[in-house]
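Database features (TrEMBL):
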- 61-84: transmembrane segment (TRANSMEM)
- 66-376: domain 'Amino acid transporter transmembrane' (DOMAIN)
- 96-118: transmembrane segment (TRANSMEM)
- 147-175: transmembrane segment (TRANSMEM)
- 213-233: transmembrane segment (TRANSMEM)
- 240-266: transmembrane segment (TRANSMEM)
- 278-300: transmembrane segment (TRANSMEM)
- 312-336: transmembrane segment (TRANSMEM)
- 356-381: transmembrane segment (TRANSMEM)
- 393-411: transmembrane segment (TRANSMEM)
- 423-442: transmembrane segment (TRANSMEM)
- 476-486: compositional bias 'Low complexity' (COMPBIAS)
- 476-498: region 'Disordered' (REGION)
- 550-573: transmembrane segment (TRANSMEM)
Amino acid sequence: MNNLNTNGNFELISFPNSTKTPGTIVSTIDTVNTSSSSISSTEEILESQNPQKDEGFNKNFGLKSIGTIGGICLLIGNCTGPGMVNISYQFQQGGWFLSLLGYILMLGLSGVSALFIIESMSMIPGNNKFGLRVEFTMICRFYFGKWMYIVSQIFINTSLIITNIASIIICSQVFDSLMVFIFKKTCGISFSNGWLCVIENSSDGGSPFQNDYMFITIGYLAILVLVVPLGFFNLNDNIIIQIACVIIMLIIVVSWVVIFVMIGLSTDNLPTIGNMNGISQIIGNCMFNYAFITTIPSWVNESKPTVNLKKSVWISTGFSTILFIIVGIFGALSFSSMSSNSTILSLINLSNKANIFSKLSVYLFPFIVLASTIPVFSIIVRYNLTQNKFLPTWIANIISIVLPWLIVIPFQTGDWLNIISNYSSLFFGSVANFIIPFILYIKSLQFKKKLNYYNQQILEQHQQIIQQTNQDQNIKQQQQQQQQSEKQQEEVENPEESVTNGITCEFYTVEQEKILKELSLETRDTEENTNITTNHFKSLSFIPRRYSKVIAQFCLITLSILIVLVIFSNFYFTD
């Protein structure tokens, strides 16, 4: 179907017929009508051309029930992570000026990256106002094709799984430390020593079991029981937990600031420009703290129609940036000569101003920040693997929920997995969050341009046929009876009887045609976003689209260079 919208752009939806050749889709003119009004919505066409939906399968995805507050808290929770505990060291070693610039730079780049991936979603036909369910990997499949779809599955899901593995390790260690703090003992099963109990926490903030390789610990079991069941729910079912965790996190951060002030603030502890080692780590640490882009499509799919997506992105990233800067500056001002092994958690615990509340906040913070994101990332991995029925649900659950917990078992107290996780997340996470979104946006602009061109060609041929048909009718009306004339007129106006009229447009690939149908099948909730007043979502509404492409290309080049520098600096400056 071709349709002239209110902005002068054209939308084309075509469906396969018995005469199409492999690799192309033959588009037919559905209606002969000289007006610019729509004769049938894309959603109606998608529904009419597809079999009945599999409601049992579709229950694997959530409904559009995430409100504005819930969405903002979800994004803040995904943005603020384990990197927060090292921000003060980064500010002190790299200097406040360059660190501040780094966070402002990543605030802009991550915000634009998030908005560009949203706009790429909206350019998929039928999803201009997010009436369809389109996960991150499905966006890649539509614009890149099947093979890049598989590559994107690897990068995006590996990034999320590696983050979960690191979070599980940290949460297990923290819970074991909390057991020692409260009950003066924690226990577990060691590979070499069997049943093992310890009565003292690690001095470096790691596992109380030190270098004993553990099979199961009390901390591991406790986190497993609390977190794993949440991974079997949908994203919208976890929002209450996200809101509660963000509120608790804010209370903890405020208590930290109070402790920092009580300890005393000294400008001598925070140089304007730091040493070379510290400067080299700024961008890597900043980038690590903004690796939330992979969660954006799932959030959009389950947001209420009344949510202002653009404002939610900027509020969440802006608020997270303020938290980063406050913790970084106040923490750096409070402690002198922080070492590379120092974290805010260990420094607060060792300070003479520490009390019961501050010690509890130290143990609670990693659990609140990290444990709440583990089920979220598991759910998103499951969404990516099950949409389009790429994998059966039970296999997707094993990969997204069970696999990270199995991998963690022999490495709960070792350093090797942490090292592997750090470098793997640096590679997979940076590509998934900061490279793929900009490439997708550029591809979507190219797709939209071709779509408008082909539809313009069809419209011109369409109008020529109408004109020629009208001329033929005038001649025949003088020669034939009124009944024959009316029948010919009906053939022109009836899309079922006048099918092609000689117009063909080879535009969609077979893969894209298949995707459009499957997206309709897998969409439970087709409500469109009411905050979008234009033809589709536009990330930078104050900038013409031709300049948006230039911005995307600039951001892509900039981030590619930064990622290479970050990887080099991590190998060169090993601490």
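Just so it is clear, glycine is given a Cβ too, placed from its N, Cα and C backbone atoms.
The transmembrane segment (356-381) shares the most Cβ pairs under 8 Å with 147-175, out of the stretches 61-84, 147-175, 240-266, 278-300, 393-411.
Highest Cβ contact count with the transmembrane segment (240-266) among the listed stretches 61-84, 96-118, 147-175, 393-411, 550-573 falls to 61-84 (criterion: pairs under 8 Å).
Below 8 angstroms of C-beta separation, residues 57, 60, 157, 161, 164-165, 168-169, 172, 191, 213, 215-216, 220, 224, 228, 231-232, 378-379, 381-382, 385-386, 417-418 of the same chain, each at least six residues beyond the ends of the transmembrane segment (393-411), sit close to that stretch.
Tallying C-beta pairs under 8 angstroms between the transmembrane segment (96-118) and each of 61-84, 147-175, 550-573 places 550-573 first.
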